[in-house]
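Written below as structure tokens is the structure these notes are about.
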Amino acid sequence: MILSFVQKICFYSGKCDLMAYRILEKEEIAPSVHRMIIEARDVAKAAKAGQFIILRIDERGERVPLTIADFEKEKGTVTVIYQEMGKTTKQLAKLSAGDYLEDFVGPLGTPADIRKLGTVILVGGGVGVAPIYPQAKAYTSAGNRVISIIGARNKDLLILEDEMEKASSELYIATDDGSKGHHGFVTDIMKKILDSGEKVARVVIIGPPIMMKVGAGVASPYDVEILVSLNSIMVDGTGMCGGCRVTVGGETKFTCVDGPEFDARKVDFVQLMNRLAMYRGEETEAVEKYEAECRCGLH
């Protein structure tokens, strides 16, 4: 069990309640992709589809934004799904049920615009399926016909297949290598549905920036609203630092407060991808240092 210094004082004295962010469950649902259920009653009570949280592992840890993949208000739990990429997500992967997080702030961001529209297509790629899932449930609850399309590089990297099937009117699967479902991309299936003539009110695309950019381009010729959910560089999550800024329709927007959902036709994806790559060198260096310390038994 991992506890911060302050949490240890509270634990042994029993005089304060700073230990709300307990990890209840944790499992690897695909190679290097983990699902974590956290006890966070205040966050769960206020959470809505499309919002996110920012967590810290300990008092010296970096702030990591993660989309809320699920929440249960009655149980007071919030689910996040993350892929091991940088130093902090690798540290998260080492935590277990019973461990505690230093901070778990949220819900943040503007909730997704969920209402009855008719037919909605939801497209999720890779770990982008995680934020698509609560939207599938919410759109279905609002009375929509939900056509979901999920994809990954191969069948082993697909996540939440059973959950998405239950939450959707129809579910389609695509894999880059053809190991399951359509041999190709999620955008191939999306285009086929749009070409079929079925009246679609909205398309929501969530995944890697390049996938969202391509998806927006494929859907743009059709008479349909296209939304994307952006995962920008972020620090405070309240609009103060400006790190998450993105250009939408020629105007500067902050992903953390104005988004994360935006009109895909207006997003400057090139700028977004360039900003996401700004600190790649530092991220690589941090991971290499962390892994070297792990090999030496320092973590």
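Keep in mind that glycine also has a Cβ here, set from the backbone N, Cα and C atoms.
Listed in TrEMBL:
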- 16-114: domain 'FAD-binding FR-type' (DOMAIN)
- ILE81, TYR82, GLN83: FAD binding site (BINDING)
- CYS241, CYS244, CYS256: [2Fe-2S] cluster binding site (BINDING)
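On the structure: features taken from TrEMBL.
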{"residue": "ILE81", "record": "FAD binding site", "Cβ within 10 Å": "22"}
{"residue": "TYR82", "record": "FAD binding site", "Cβ within 10 Å": "21"}
{"residue": "GLN83", "record": "FAD binding site", "Cβ within 10 Å": "17"}
{"residue": "CYS241", "record": "[2Fe-2S] cluster binding site", "Cβ within 10 Å": "15"}
{"residue": "CYS244", "record": "[2Fe-2S] cluster binding site", "Cβ within 10 Å": "26"}
{"residue": "CYS256", "record": "[2Fe-2S] cluster binding site", "Cβ within 10 Å": "27"}
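If you take the Cα of TYR82 (FAD binding site) and the Cα of CYS244 ([2Fe-2S] cluster binding site), they are about 19 angstrom apart, rounded to a whole number. In this structure, ILE81 (FAD binding site) is part of a beta strand by DSSP. With helix defined as DSSP H, G or I and strand as E or B, the domain 'FAD-binding FR-type' (16-114) counts 13 helix, 44 strand, 42 coil.
Taking the centroid of the Cβ atoms of ILE81, TYR82, GLN83 as the FAD site, the other same-chain residues with Cβ within 8 Å of it are VAL33, HIS34, ARG35, LEU66, VAL80, GLU84, THR89, VAL127, ALA130. Report note: the [2Fe-2S] cluster site is defined by CYS241, CYS244, CYS256, and the residues of the same chain whose CB lies within 8 Å of the CB centroid of those residues, excluding them, are SER232, ILE233, MET234, VAL235, ASP236, GLY237, THR238, GLY239, MET240, GLY242, GLY243, ARG245, PHE254, THR255, VAL257. DSSP assigns CYS256 ([2Fe-2S] cluster binding site) to a helix in the three-state reduction. If you measure from the Cα atom of CYS256 ([2Fe-2S] cluster binding site) to that of ILE81 (FAD binding site), you get 18 Å.
A straight line from the CA of GLN83 (FAD binding site) to the CA of CYS241 ([2Fe-2S] cluster binding site) spans 25 Å.
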